[in-house]
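For reference, TrEMBL has these:
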- 42: L-glutamate binding site (BINDING)
- 76, 77, 102, 152, 172, 195, 237, 238: pyridoxal 5'-phosphate binding site (BINDING)
- 4-347: domain 'Aminotransferase class V' (DOMAIN)
- 196: N6-(pyridoxal phosphate)lysine (MOD_RES)
Ligand SMILES: *Cc1c(COP(=O)(O)O)cnc(C)c1O
């Protein structure tokens, strides 16, 4: 069976060399006679895996020494609650930039723990752009400001990270972590579910500035306190061992191909191929403002929506998987994360050209 080009928003494609390496090591990892899934999380072999995974991520993202890397579970959705539970320690106020469905969920969850304020929103135009944010909008007393750096469903992304001054900036980076160079020191906390650019579902990566650990109240459940993960090296209980191993292989792959600098170039090239075609096409169009476009998730529409189902069906038959847009926005969406080869995007555009010629 040939592999398809999988444009799913998540879980999404993994690099083929990573899958093959995992396959080769599946039944006996490092001559242990066991699969990684069968190794004790306290064994020397697994200790090496989790230590190397952290070090590789630190190298690739150039994470400063005063930041901790935590390997957790519960997805980005659990972080929607953990962030306020841990960080609303002083004023119990948090400022949010509202840019789509995921920020909406983050706001809703934070409301359970403190006062949330939306300081900028793009809801007026269906989240098709990223609103301007300047420092004067931020409450200097707020415990944090929250942004969604890449809006997976709407296809927008921040091209500049807002300056929040002394107020810690918290970022949901689930769908664009590792896709481009980022200055980690601009953030207080970064979180990401693994299933887009990191590895299999089940792992959540948190990068947190040291001084933001240990702020949770006594009543905070042990497993929802960042301190628990920091104090135990993410080994308080059994972590998602196989997902951490897969993430390590992905980090290795990324480092070997030249790190984030190279990855960003490749991602920008891939995105440009698709956007250039969308902007030139007489059939397809991007609903997103040019300056706010994501290089990871690219929604597109056919004004005659009757053709959507035909397009998705014919694309699938031609080996282009999961191009249906999110149910909340309709149309189509191509998620072109790190693991999507440039050839996949070229082939998709060729297919779209042919579809346009056939149906316009
Ligand atoms: C996928 C996604 C989520 C949800 O992640 P889970 O790990 O399924 O909870 C949250 N935020 C963004 C930006 C996402 O892309």
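Glycine residues also receive a Cβ, built from the backbone N, Cα and C atoms like all the rest.
Positions of the features from TrEMBL, shown on the structure.
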residue: 42; record: L-glutamate binding site; DSSP (3 states): coil
residue: 76; record: pyridoxal 5'-phosphate binding site; DSSP (3 states): helix
residue: 102; record: pyridoxal 5'-phosphate binding site; DSSP (3 states): helix
residue: 152; record: pyridoxal 5'-phosphate binding site; DSSP (3 states): coil
residue: 172; record: pyridoxal 5'-phosphate binding site; DSSP (3 states): strand
residue: 195; record: pyridoxal 5'-phosphate binding site; DSSP (3 states): coil
residue: 237; record: pyridoxal 5'-phosphate binding site; DSSP (3 states): coil
Relative to ligand 1, which of the binding-site residues 77, 152, 237 have a Cβ found under 6 Å from one of its atoms?
-> 77, 152
Which of 77, 152, 195, 238, all binding-site residues, has a Cβ with the fewest other Cβ atoms inside 10 Å = 238
Cβ density check for residue 172 (pyridoxal 5'-phosphate binding site), other Cβ within 10 Å (all protein chains) comes to 29
When neighbour density is defined as the number of other C-beta atoms within 10 angstroms of a residue's C-beta, which of the recorded positions 42, 196 has the lowest density?
-> 42
Out of 76, 237, which of the binding-site residues has the smallest number of neighbouring Cβ atoms within 10 Å?
-> 237
